[in-house]
Amino acid sequence: MRLRAVLFDMDGTLLDTAPDFIAICQAMLAERGLPAVDDNLIRGVISGGARAMVATAFAMDPEADGFEALRLEFLERYQRDCAVHSKLFEGMAELLADIEKGNLLWGVVTNKPVRFAEPIMQQLGLAERSALLICPDHVKNSKPDPEPLILACKTLNLDPASVLFVGDDLRDIESGRDAGTRTAAVRYGYIHPEDNPNNWGADVVVDHPLELRKVIDSALCGC
């Protein structure tokens, strides 16, 4: 079936949002007189959300007293500064332009709450260009459940087999596969050191956004 749309996970796939997460964690540590942590430690757990990032930055058990207050502070700060340093990954602007020139639709399916995802898309000038934005607010079950991808395909009125879903986490590939879409795993994203995208069962694995050009071209011609 001919490819009709390309859907992306947000953090670590479409956008490099790590700089904003890292800046907030380091600021919270500094304000408490605590030493900075290696940025890569935070980057490696971004897919685990605020809970994982705060736990890593503060080397703290999520069940410990005071942890929830730190997590809520992190989210409050991120609400205010969620699009200060975030940007498209290198090569992604060109890829999106190619997708649009090819008359394909593209959109975002993320586990990031809409209160964060929408401002970022708007700030980066992507909201008007994308065909849709699916967040946990729109479904009962988030990825790895297939519901977000099923909703995306229904919203676009497309057969899942004509959709490619791109992500940097096993949950993305599981969600897409169970929804019936084609899947692509990216190695340039926020991969936990113990994870190996080659083992996720994706249809294809790439190291750079522009490598998706070949994947898309192949899907368009049915090669």
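Cβ atoms here come from the backbone N, Cα and C positions, even for glycine.
Summarising the annotation, Swiss-Prot assigns active site, nucleophile to Asp9 and lists similarity to another entry as the type of evidence. Sequence-distant neighbours of Asp9 (active site, nucleophile): residues of the same chain at least 6 apart with a C-beta under 8 Å from its C-beta are Val108, Val109, Thr110, Lys143, Phe165, Val166, Gly167, Asp168, Asp169, Asp172, Gly189.
Residues annotated as Mg(2+) binding site in Swiss-Prot, with similarity to another entry given as evidence: Asp9, Asp11, Asp168.
Sequence-distant neighbours of Asp11 (Mg(2+) binding site): residues of the same chain at least 6 apart with a C-beta under 8 Å from its C-beta are Thr17, Ala18, Ile46, Ser47, Thr110, Lys112, Asp168, Gly189, Tyr190. If you look up Swiss-Prot, you'll see Asp11 marked as active site, proton donor.
Compute the center of the Cβ atoms of Asp9, Asp11, Asp168, which mark the site for Mg(2+); besides them, the chain residues with Cβ within 8 Å of that center are Phe8, Met10, Gly12, Thr13, Leu14, Ser47, Thr110, Gly167, Asp169, Asp172, Val186, Gly189, Tyr190.
DSSP assigns Asp9 (active site, nucleophile) to coil in the three-state reduction, outside any helix or strand.
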